[in-house]
Every structure is written in C-alpha cells, then in structure tokens.
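Marked as disulfide bond by TrEMBL: Cys56-Cys61, Cys96-Cys131, Cys358-Cys361. Under the heading FAD binding site, TrEMBL lists Arg152, Thr154, Trp165, Ser216, His219, Arg251. Annotated active site, nucleophile per TrEMBL: Cys358, in sequence order. Per TrEMBL, the feature active site maps to Cys361.
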Amino acid sequence: LTGVLDDCLCDIESIDDFNTFKIFPKIQKLQERDYFRYYKVNLKRPCPFWADDGHCSIKDCHVEPCPESKIPVGIKAGSSNKYSKAANNSKELEDCEQANKLGAVNRTLSNQSKEAFIDWARYDDSQDHFCELDDERSPDAQYVDLLLNPERYTGYKGPSAWRVWNSIYEENCFKPRSVYRPLNPLAPSRGGLEFVCLFSWTGLCLEKRVFYKLISGLHASINLHLCANYLLEETWGKPRWGPNVKEFTRRFDPVETKGEGPRRLKNLYFLYLIELRALSKVAPYFERSVVDLYTGNGHEDAESKALLLDIFRDTKSFHMHFDEKSMFAGDKKGAKSLKEEFRLHFKNISRIMDCVGCDKCRLWGKLQTQGLGTALKILFSEKEIQSLPENSPSKGFQLTRQEIVALINAFGR
C-alpha cells in the first residue's frame with residue numbers, strides 16, 4: 001500500500017514510519033503491564049438476535065480465566081478508589097500461570113471476590129456509552145489474562161462466523177438505499193434473483209463513510225491477526241502457530257478479492273488514525289495528578305503512567321491526524337440526530353459480538369469493539385475533557401478501567 005488515505009490528509013508511508021519507530025515498541029510494553037493485561041469479560045451472555053447455534057468445541061477456542069488469587073490486589077479490591085494513592089504494602093501477586101492445556105477453563109471465583117469486583121463497575125452516565133457494556137457484577141463475568149489468551153486463528157469458521165459479520169455489515173453499516181442486500185446463503189432458496197451487494201459512496205456523507213471504514217478496518221485487523229498467528233499444525237498434542245501467507249493472500253490479494261483487499265487494508269490504516277486521534281485527545285484526562293493506573297503496586301503504577309504519558313506525547317507529535325471536527329458539523333438538529341444514530345448502530349454491533357461462537361474470538365471481538373467505542377466516546381467529548389478539574393474526579397467525563405484497558409489493547413492490535 002502507498003499513497004494518501006481517503007478522507008484524510010495522511011499518507012501510508014508516514015503512518016508506517018511513525019508506528020514502527022515510535023508507537024509500536026512502547027504500546028507493546030504497556031500491554032504487558034498488570035493494569036492493561038487483565039480484562040473482565042462475560043463470555044456467557046446469550047446472543048440477542050438469533051438462536052444460539054452452539055459454541056465452538058475446538059479446544060483452542062476456549063479462554064483460560066485467571067484464578068481469583070492471581071489478580072493484582074489493586075484491581076480487584078472493593079475498598080480501593082481508582083483515584084487513590086494510598087500506599088499498599090502487600091507484595092505484588094504472581095502473574096497468571098500458563099495453562100497446561102488451552103482448553104482448561106478455571107471458573108473458580110469466591111463470593112467475596114465477586115462482591116469486591118463491584119468497585120470497578122461504577123459509571124456516571126450510561127447514555128454516553130457507544131458499547132453494550134458487560135455487567136461486571138455478573139457471576140459470569142471473569143478476569144482474563146490477555147497475554148495468555150492471544151488473538152489467533154483457532155479453527156472457528158463457516159456459517160456461524162459468516163452470520164456474525166454479515167449481520168454487522170448488512171444490519172448496521174450505513175448504505176445507500178439503492179443498494180440491495182444479498183440473500184442469506186444459509187436460508188432456503190426462494191427462487192428468483194439473488195442480489196449481490198455492490199457498495200457505492202454515492203450519496204453517503206462523511207460520517208457514514210467513516211462508520212463503514214471503521215467496521216471494515218476492525219474486520220481487517222481481526223483477519224490479519226488470524227493470518228499472522230495461524231494454527232499451522234498440531235502434532236502429538238503440540239500446536240504450532242505462525243504466519244499463513246496463503247490465507248493472507250486469499251483475504252487481501254487484489255486478484256483474489258476483486259480489488260477489495262487493498263481497500264480493506266486502507267480501512268485498517270484509517271481505524272489506526274481514528275484511535276490515534278482519540279489517544280491524543282484524551283491525554284489531558286490522564287495528565288492530571290488525580291488519575292492513577294492503580295494496581296496496588298505504587299512503583300509499577302508510576303512506571304505504567306509514565307509510559308502512557310510518553311505515548312500520549314508521541315501521538316500529539318503526529319501532525320496528520322484525522323480531523324473529527326468535520327463530522328456532525330451541519331445544522332445542530334441534524335447533527336445531533338446523526339450522532340445518535342451513529343452511536344446506536346455501533347452499540348448494536350457490540351451486542352452482535354455476543355453471538356460469536358468461539359470464546360477466544362468473542363473475547364477479542366468484544367475487547368476491540370469496546371476499545372473503538374471508547375475512542376468514539378473520547379472524540380465526541382472534547383469540551384468535557386478540556387474542562388476537567390485538576391484535583392478531583394469529574395462527573396462530566398470519566399473512563400472506567402475496562403474502557404481504558406480496551407482502548408489501549410484495541411489500539412495495540
């Protein structure tokens with residue numbers, strides 16, 4: 001890929017250089033820190049749109065939750081305030097141990113622990129959410145160590161996976177009214193013509209183009225990680241993972257995809273720019289002394305925040321951001337209506353992620369969707385962020401730990 005991205009004043013080469021030499025090494029280090037490696041997720045929420053077609057039975061689809069005893073004390077402590085700087089003298093707990101078998105799921109959580117987790121579930125204004133959030137107080141919500149459950153190809157494919165993405169594109173992506181949806185290949189044939197969905201930008205405003213590109217970019221990101229970390233073979237019960245060039249070619253080569261592949265990859269760059277812009281915009285929130293990345297280990301927390309602020313400085317140094325001010329800039333009534341439509345479409349996509357049959361795929365789908373939703377929330381809250389008080393939490397704009405973890409890990413992807 002070369003050249004300038006549509007709807008941006010940015011070229012691909014500049015993004016590559018900036019990411020490779022400045023952002024990627026630091027974001028990778030940040031993801032390895034305790035505050036960012038543990039993500040709470042409910043993988044048992046039922047699909048709200050169609051009857052469950054059964055979970056993937058492939059062992060590599062399963063997720064290994066963390067034993068309650070391994071979660072850093074500051075993350076699970078019900079009595080700790082996320083803004084608190086109170087000293088905690090307990091030793092840092094061990095990291096989650098590598099599971100002997102990928103399919104082994106440890107579901108032990110004490111009642112006391114379930115009660116303690118409630119502290120992280122607070123949020124001031126549910127109307128601000130771009131995502132359907134998991135109920136963190138649910139007994140089914142569990143902490144997962146993201147480093148032990150990497151995003152990769154597990155064997156999950158076929159009608160179930162097709163239906164999830166088809167629903168996301170066909171039911172949620174803004175499209176011109178003149179474009180027909182393709183008939184569901186899983187449904188019995190009704191006879192007559194089957195329309196192919198031809199996408200055109202004709203009649204689509206900037207906001208709707210942006211929405212489609214974000215979803216396409218998210219899809220490309222997930223597919224890239226599946227190709228890069230593919231289950232190549234399994235001998236004597238030992239899986240071997242690695243890049244699958246043939247699969248990458250099938251999904252992205254211009255000839256194989258009738259020209260669509262390069263566009264998908266460009267949308268991934270566009271998604272990167274949107275989330276990069278969100279990081280630069282949210283920096284003032286974290287620059288306040290009152291905000292801590294609290295895990296209970298004062299030294300590690302200080303290092304994590306210093307690294308995060310260093311990344312924010314880098315994001316601000318990039319001069320070719322996507323300018324979100326051009327979005328929703330029409331008449332106030334029309335802009336407000338379109339923004340709400342935008343939010344509801346995206347929230348619906350986050351609900352569709354509960355229909356993914358593979359637990360590991362569902363985990364990363366939910367995390368990346370929440371991360372992108374958090375980025376959008378930030379971009380539409382610039383005034384609230386700029387007016388935050390220095391020495392006290394603000395009701396005008398807040399991020400939960402879940403949103404922070406999702407934002408950083410989604411951008412890391």
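The count begins at 1 with the first shown residue.
Including glycine, each Cβ sits where the backbone N, Cα and C put it.
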For His219 (FAD binding site) and Cys358 (disulfide bond), determine the Cα separation and express it in whole Å.
16
Count the other Cβ atoms sitting within 10 Å of the Cβ of His219 (FAD binding site), across every protein chain shown.
18
Just the number: how many Å between the Cα atoms of Arg251 (FAD binding site) and Cys361 (disulfide bond)?
18
Just report the maximum Cα pair distance in Å for the recorded FAD binders Arg152, Thr154, Trp165, Ser216, His219, Arg251, no decimals.
21
Starting from the Cα of Cys358 (disulfide bond), work out which of the binding-site residues (Arg152, Thr154, Trp165, Ser216) are within 10 Å.
Thr154
Check the Cα distances from Cys361 (disulfide bond) to each of the binding-site residues Arg152, Thr154, Trp165 and keep only the ones within 10 Å.
Arg152, Thr154
Give me the long-range Cβ neighbours of Ser216 (FAD binding site): same chain, 6+ apart, Cβ under 8 Å, in sequence order.
Arg263, Arg264, Asn267
